[in-house]
Amino acid sequence: MSKSFKLHSVFKPAGDQPEAIRKLEEGLENGLAHQTLLGVTGSGKTFTVANVIADLNRPTMILAPNKTLAAQLYGEMKEFFPDNAVEYFVSYYDYYQPEAYVPSSDTFIEKDASVNEHIEQMRLSATKALLERRDVVVVASVSAIYGLGDPDLYLKMMLHLTRGMIIDQRSILRRLSELQYSRNDQVFQRGTFRVRGEVIDIFPAESDEWALRVELFDEEVERLSIFDPLTGQLQHEVPRFTVYPKTHYVTPRERILQAMEEIKVELAERRQVLLANNKLLEEQRLSQRTQFDLEMMNELGYCSGIENYSRYLSGRGPGEAPPTLFDYLPADGLLIVDESHVTIPQIGGMYKGDRSRKETLVEYGFRLPSALDNRPMRFEEFEALAPQTIYVSATPGKYELEKSGGDIIEQVVRPTGLLDPLIEVRPVATQVDDLLSEIRIRAAINERVLVTTLTKRMAEDLTDYLSEHGAKVRYLHSDIDTVERVEIIRDLRLGEFDVLVGINLLREGLDMPEVSLVAILDADKEGFLRSERSLIQTIGRAARNLNGKAILYGDRITASMEKAIGETERRRAKQQAYNEERRIIPQGLNKKIGDILQLGQPSMRGKGKGRGSHKMADTTQYQSLSPKALDQKIRELEAKMYTYAQNLEFEQAAELRDQVHQLRQQFIAIS
């Protein structure tokens, strides 16, 4: 039985929040398909959205533009809804090299990928929650528009067990094998089962904390129990249980056999086309590769690159949209697009890049034409499938504004009373020396500075110059991966250095209350990096500090500068009036620095017997580890944990289990 959403927060809606919540809920109840929440930095947009979710009690998907923001949102939602299902759905690849062919050098690049099994488990948990309950919030990246197993086939493959049902042991084991679970009587881990007499222990693929024990008497299920897979301690009995497939891509045997026949027909047709065009090498290559795949599918039920045959496996027609996470979201679900000015263009761009790579593979005989249907959703398909949508951004794009029409809800007033930064325009001629003196003032009072330049070269030269003149400075650029980026931002907040130089710092989306000055060099150069939207976003980076200030260096005031300054001053005036009316004294934000890397940890553990009662594991010694080293440490601790469990040293195993759990959350936050 699904519970209702229960919002946990010490705060009550304030400022513009109550009005924004009322208007959003009113719009949703009146059937509005699109609404935009225009909320300034630090106005509590996430809290507003959480209130809407709790009040309307509808399954919700939140789309974020990248894993970093998704992790931050997941942590915040976990804290708002500790008693409900808050799930995380991002790409499970630590590394991914798609197969490709370069005709100019006759080079074929094989597909190569490394799957993160912890994130895979969280993806499985997300789809299970969407299928089983209504109090669900799934925080997803644009990975949600990529093909996923067909929900109808996924549901058909599930194994339902109930107390008292008549089923023999061999049938259960056969069904578990069909779900791609493997038998392992020695090491009991996620996605495996073990058999001891008439007892079958199953470790569900979507869980990392508990397992199922099935006790049979002859051919009857006598008891179903949930137990701790490490200590073996029974937690409670259940009257029924559903075992979900180990992967989203599991397919019934009949469907595979049917798909094989359809693939053979397409292969014969394609061979004729290639031979008619005198493409003998391509014809031979295609025949050889496809026959090998068919043989593997016949023997094992799957093959390497089976996703290229997804059209046949899911029973779709040519050109039809692939099944995605959106197919798992109920019809009355709610979609929140966070930082929509970045996320919406991303959705539109995914399909085209994927298409051009696959067309080359098809043309040169590496894949059948049906492989083109293994793709992300097209933008039109996303629009058709998306449920009622709320776009959330400080600077909504043209698309959101057009779709929302007049339904744009402003959230400009901050409950904290914080004002938008003061803006000054200064001449370009002395910008570097002027900036250096401003940096020294901020460093002396333990505040931080962000500087944006137009080019990589300029950012590098400026970093060198500032460093030579005694400033503690770092440079953030596109070659630095997401994980290092989070570490750099964390070090900035901790005061390891005072100045961060970059080209496009506005898309980080992370809270940095310590930043009191944003300096925008060459602000009068019109273009993508100095557009009205970019300027407002960049100025907003200083909006979480009491002494927030933005300096725009330019010899003239461009149209974009004028609009950005005008909009910021309008918001500042509105906040000032609100503060005076209610006698509010602005308060700085005290967001803990660890929050960036935490995923709602206080509420991660359950409150049931034996699981929530132990103390929080101490993992402070691993905080400084790089992502690679952290992943290695998790593997080492897991190996030790299983060794302790096998030696019946359950206390030590449970201690390590808690450490592993904490480190996984840390790893996900920075992956």
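All residue numbers here begin at 1 and follow the chain in the order shown.
Cβ atoms are placed via backbone N, Cα and C, with glycine included.
Swiss-Prot assigns the feature motif 'Beta-hairpin' to residues 92-115, out of the candidate ranges 44-67, 92-115, 116-139, 260-283. Sequence-distant contacts of Thr41 (ATP binding site), defined by Cβ-Cβ distance under 8 angstroms and a gap of at least six in the same chain, are Ala394, Gly540, Arg541, Ala543, Arg544. According to its DSSP assignment, Thr41 (ATP binding site) is coil. A 10 Å cutoff on Cβ-Cβ distances gives Gly42 (ATP binding site) a total of 20 other Cβ atoms nearby, all chains included.
The Cβ of Ser43 (ATP binding site) lies under 8 Å from the Cβ of Gly15, Asp16, Gln17, Gln411, Val412, Val413, Arg414, Pro415, each of which sits 6+ residues away along the same chain. Within the same chain, residues at least six positions away from Val40 (ATP binding site) with a Cβ under 8 Å of its Cβ are Ala394, Gln411, Val412, Arg414, Asp420, Gly540, Ala543, Arg571. Each of Thr48, Ala394, Gln411, Arg414 belongs to the same chain as Gly39, Val40, Thr41, Gly42, Ser43, Gly44, Lys45, Thr46, is absent from that list, and has a C-beta within 8 angstroms of the C-beta centroid marking the ATP site. Within 10 Å of the Cβ of Thr46 (ATP binding site) there are 18 other Cβ atoms, across all protein chains.
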